[in-house]
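This report refers to the structure that appears directly beneath it.
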Amino acid sequence: MPRLFIALDLPEETAAELDRLCVGLPGARWTDPGDFHLTLRFIGEVDHATFCEVGEALASVSLRPFEMRLKGLGEFPPRGPMHTLWAGIEAPDALMQLKRRLDRVCDEAGVAREKRKFVPHVTLARFREPPPHERYASWLARRALFRTAPFPVSHFTLYSSILRSDGAEHVPEASYDFVSGVMERV
């Protein structure tokens, strides 16, 4: 059964900016620049019929194009030992509107919602053990003003995810232009 999620891809220039941040923390398993994305909805494992239903229904999502930027760095969980380092999103209303529309489509297809609150972010690294506090604080302070140039957003991608011992492999299944309504199987 495929394990699915819906995400926004990042332009190459933005991914390159993120990649330049990805050094200097011991124990970090840095995200490959080609895998940077903003997850809008985790769907999880679904049967083939649900996969097809969701895939087709996503083509109905329409919205005007918008711009967004990455801004700031943070960690999960917000309290306790860090296991994920991320770049934040300066989230325009249009991003949240897109999220609501995707949620509605998934709800109508019978896909259960995640219980966690949606926090728009791009994962930079994962940790089994957090880095030493002083080292992390110094690393973070040197990057405190991190911010990318705005970039256009006009499509989203349905991905399947294959779990492997060295991390997940993300396979694009279809891309949806939410301005024109065109779906392209990848």
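Cβ atoms here come from the backbone N, Cα and C positions, even for glycine.
What TrEMBL says about a protein is an automatic prediction, not a curated fact.
The motif 'HXTX 1' annotation in TrEMBL covers 37-40. Per DSSP, the motif 'HXTX 1' (37-40) is made up of 0 helix, 4 strand, 0 coil.
Per TrEMBL, the feature active site, proton donor maps to H37.
As a summary of secondary structure, the motif 'HXTX 2' (121-124) carries 0 helix, 4 strand, 0 coil according to DSSP. Residues annotated as motif 'HXTX 2' in TrEMBL: 121-124.
Under the heading active site, proton acceptor, TrEMBL lists H121. A simple way to gauge crowding: the CB of H121 (active site, proton acceptor) has 21 other CB atoms within 10 angstroms, across all the protein chains here.
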*asked:* Limited to the motif 'HXTX 1' (37-40), I'd like the whole-number average of pLDDT.
replied: 98
*asked:* I'm trying to understand the geometry here, so how far is the Cα atom of H121 (active site, proton acceptor) from the Cα atom of H37 (active site, proton donor), in Å to the nearest whole number?
replied: 8
